[in-house]
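Undergrad: Please find one structure pasted underneath; my questions will follow.
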Amino acid sequence: MKETPKKVLVIGSGPIKIAEAAEFDYSGSQALKALKEEGIETVLVNSNVATVQTSKKFADKLYMLPVVWWAVEKVIEKERPDGIMIGFGGQTALNVGVDLHKKGVLQKYGVKVLGTQIDGIEKALSREKFRETMIENNLPVPPSLSARSEEEAIKNAKIVGYPVMVRVSFNLGGRGSMVAWTEEDLKKNIRRALSQSYIGEVLIEKYLYHWIELEYEVMRDKKGNSAVIACIENLDPMGVHTGESTVVAPCQTLDNLEYQNMRTYTIEVARSINLIGECNVQFALNPRGYEYYIIETNPRMSRSSALASKATGYPLAYVSAKLALGYELHEVINKVSGRTCACFEPSLDYIVTKIPRWDLSKFENVDQSLATEMMSVGEVMSIGRSFEESLQKAVRMLDIGEPGVVGGKIYEAKMSKVEALKYLKERRPYWFLYVAKAFKEGATIDEVYEVTGISKFFLNKIKGLVDFYETLKILKEIDEETLKLAKKLGFSDEQISKALNKSTEYVRKIRDQSNIIPVVKLIDTLAGEWPSVTNYMYLTYNGTEDDLEFSQGNKLLMVGAGGFRIGVSVEFDWSVVSLMEAASKYFDEVAVLNYNPETVSTDWDIARKLYFDEINVERVLDLIKKEKFRYVATFSGGQIGNSIAKELEENGVRLLGTSGSSVDIAENREKFSKLLDKLGISQPNWVSATSLEEIKKFVNEVGFPVLVRPSYVLSGSSMKIAYSEEELYEYVRRATEISPKYPVVISKYIENAIEAEVDGVSDGNRVLGITLEHVEEAGVHSGDATMSIPFRKLSENSVNKMRENVLSLARELNIKGPFNVQFVVKDNTPHIIELNLRASRSMPFSSKAKGINLINESMKAIFNGLDFSEDYYEPPSKYWAVKSPQFSWSQLRGTYPFLGPEMKSTGEAASFGVTFYDALLKSWLSSIPNRIPNKNGIALVYGDKNLDYLKDTAVNLVKFGLTVYSISELPLQGIETIDKTKAEELVRAKKVEIVVTDGYLKKFDYNIRRTAVDYNIPVILNGRLGYEVSKAFLDYDSLTFFEISEYGGGI
């Protein structure tokens, strides 16, 4: 019999960070839906302003607060929930739940943990307890010993025997974990590993070099009934974090005995921790025989469970929430099939491939090798009916400029077999591209296996693609059968045209004449054995007929955001879902095209039709041919939609909203600059230089500093502010190729200016706009900036000029829908630096801060016009809202933390307050590892920029109760100094509570910044922000903890 609590508190995961991303927006949203179906009142604590779940329709009450125990206690004290769910917000939520239990908060207020209980969570997440639990239940684990100190770790490593894997307890994304081949390796890194554990514990485990890694997803109810939902095979062997691995489902290389044995072990692991809900179990399999070890389990929804849910069509999060309420598996209906109960295990008649997406080129000094710590910022998932088709589709989905496994930049690069094998041995990201290159250059299967440990089954498949492509290259024409085979192997029109040295139009014409078109197949969880009631689909060339009939009428295709990367994250999924809901009022049918397994937009019950497939011109045209969509919307999914808008329009596609030609003007720097001049709108001086002489001439005219934007990057550092000739020419020489083909854009950098933005909607005549002001000065990328609504330091005169500029642009470009304009304001004069004719990164924040959904307003603007009389309208603010960036420095091994014009943050948090400082502090505290410093601790404050702000920061921190040191090489007037070596020692000894610094000082303070982030010490990288946060510390006791609507926010 199920229990029905009246009110349930759901804990979210906070801002997006590496290893804890949008999968928890998906899982949390599903949990809230499952609770609402039962008539249970829901309360959500989550500071992630960009997510779908922090919209009002999901939870009855929403608290945008730091996801930490003391803030959640305030909510419990006020709301008095009967139950709490901690399994849908990642490791962050589990840690909060354990803390609330240990501190007696749950017991004090009579709050029951729903789902897996705290003792089960501790058994799973403490490496020592997990090992003991497995041994007690006769389940196989690798030889290992736990440790809580450096000395104990070194001693136990000798007992276990090198090489060893160091695993970290109560940890996210493998932070601090490593493979130590020698005692020297271990001594060098063990302190960092212990620092990254929530409970200060690590496991020293025998390293299983080149063993196969596998994952099983299992559901279990309170009666012990279990269903194994998916088996996921990692192509990367042990030693590479599962979040860094390319994976396939279902498993491709297991025989039945291996599969069944591990399936049985999975159910036993779930039983041993008394799981109620869902968990994933990770295994190591010896490729040379029937030998397996259990590695770990996660007793919560995870990245893998989100993937399994999207791969199988089984709604894991929804079912898990129902089980947490006391339902049994046979009582829950699978809403994808609409017929089967949740105890039916999925059966797949297709192959799913997931590939992570990295953005390591944005970070200086970062270690490029894939290892035990997760560094990828997103992932893509493809579906095909052969491994080759699925893999090639996934490669294109990465949006890294590769047309597939073969035929791209790496495949055609000047690279020898030896070089390709070297990159493979180093475990570079996107290894499959180097595997193909190695085969092209003559490597054997055995040679590639030796350096990678990747199963020969998969290597043979990739070699087959290389052989086929090389055969294509010697053809003068392509016959129908060869073209069919190419498409079945996942080759795009672009790849085929490159091989034949023809145009893509030529290949498409032959396809059309021969009727070689993909078919639409349904994902129904049971391989077509039962009819599906949801339209969850993919396209494949390995089939003969469509699984459904296509309706007629007024239909819209929406382009999603694709795989997340730095700059494109969950905020664009919020825009896609918002547009989907708004568009349903204007269209008979709305379909979504997207391929991100983490998101709400790719969930089974969000869209009327979901195409889980590629986002490119070829695929959109295929879908239009089948579905006869009247419009395509490209503006809600970030840059990926804008990048194909013009070509779609050229192919006769009608775009919803602003025209492709207007988008092209906004995206093209020269065209946009001429437009601004025509309208009399100020912009920073700039030049597109094709030689060093042109650069020198421009710099002599405008002076330093200047902002450099190369069009062709060699070193991975795309933009830089140069303060001197030496700095500028050294950067241009080192970082970029300069020529008429690859011009470098140099613009005047306006110092000590305020950066501001307008998020808005236009109907071509009027504008609805929201002004956002940055705390940091101009020069810090808007994605890394702290933002305030309403504005604080801008004058009314400046804001009025900004509004006039925005209105002029909206009318001139006939903007229909959402847009974002970025300004630099100096001496009350706004200068436009950028216009984006699409939904923006900040739009969920500005919408929720003002209580008005800009995407909903966009649809009104497009079809009915904006419904107010003013030319320009900005809704009033009732209270304060502040958005803060979330950085993932600790995950990015070796990189130097600093802020500049290149975006580095992975997510964002926001909070509301009765004052600016109330909102700012809660927002800042929502990003890990930020926390209130312990009084009587030490702060380091130093830098070479914003010196007045740094000095005032130091004064505030002294008032707060800290001992503040500056560094003797960079002294601050009136602040005690210590030398750099002493500062490094204090950080390494974990005696420093907070570091506040400013400027690019890599040669001077690399060790201070890097050690601080490695040891989870809060670091503020801007003097102005440091000043505002230090001032907020002084009012810490005045923080407010209201529900979002009490601040006048929320949508």
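Cβ from N, Cα, C; glycine included.
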Undergrad: Can you tell which of E694, E796, E834 Swiss-Prot lists as binding ATP 2 with R709, K748, I750, E755, G779, V780, H781, S782, Q822?
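TA: So the ATP 2 site in Swiss-Prot includes R709, K748, I750, E755, G779, V780, H781, S782, Q822 plus, from the candidates E694, E796, E834, E834.
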Undergrad: Determine which of E152, E184, E268, E296 appears in Swiss-Prot for the same ATP 1 site as R127, R167, G173, G174, K206, L208, E213, G239, V240, H241, Q282.
TA: E296
Undergrad: For a quick check of understanding: given the listed ATP 2-binding residues R709, K748, I750, E755, G779, V780, H781, S782, Q822, E834, what is the maximum Cα-Cα distance in angstrom, as an integer?
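TA: Those residues reach a largest Cα separation of 19 Å.
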Undergrad: Roughly how many angstrom lie between the C-alpha atoms of E834 (Mn(2+) 3 binding site) and Q822 (ATP 2 binding site)?
TA: 5
Undergrad: Given G779 (ATP 2 binding site) and N836 (Mn(2+) 4 binding site), what distance in Å do their CA atoms have, once rounded to a whole number?
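TA: Between the Cα atoms of G779 (ATP 2 binding site) and N836 (Mn(2+) 4 binding site), the distance comes to 18 Å.
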Undergrad: Could you find out if DSSP has I750 (ATP 2 binding site) as helix, strand or coil?
TA: coil
Undergrad: Please spell out the DSSP helix, strand and coil residue counts for the region 'Oligomerization domain' (400-548).
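TA: Helix (H, G, I), strand (E, B), coil: 73 helix, 10 strand, 66 coil.
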Undergrad: Between R709 (ATP 2 binding site) and R127 (ATP 1 binding site), how many Å separate their Cα atoms?
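TA: So the alpha carbons of R709 (ATP 2 binding site) and R127 (ATP 1 binding site) sit roughly 47 Å from each other.
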Undergrad: Provide the number of Cβ atoms within 10 Å of the Cβ of V240 (ATP 1 binding site), excluding the reference atom itself.
TA: 23
Undergrad: Near N836 (Mn(2+) 4 binding site), which binding-site residues out of V240, Q282, E296, I750 have their CA within 10 Å?
TA: none
Undergrad: Please count the residues of the domain 'MGS-like' (930-1051) that DSSP assigns to helix (H, G, I), strand (E, B) and coil.
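TA: The domain 'MGS-like' (930-1051) comes out at 54 helix, 23 strand, 45 coil.
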Undergrad: Where does V240 (ATP 1 binding site) sit by DSSP, helix, strand or coil?
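TA: Where V240 (ATP 1 binding site) sits, the three-state DSSP reduction gives coil.
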Undergrad: Rounded to the nearest angstrom, how far is the Cα of N298 (Mg(2+) 2 binding site) from the Cα of H781 (ATP 2 binding site)?
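TA: Rounded to the nearest whole number, the Cα-Cα distance is 36 Å.
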Undergrad: Please name the residue among the binding-site residues E213, E296, E834 whose C-beta has the most neighbouring C-beta atoms within 10 angstroms.
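TA: Answer returned by the neighbour count: E213.
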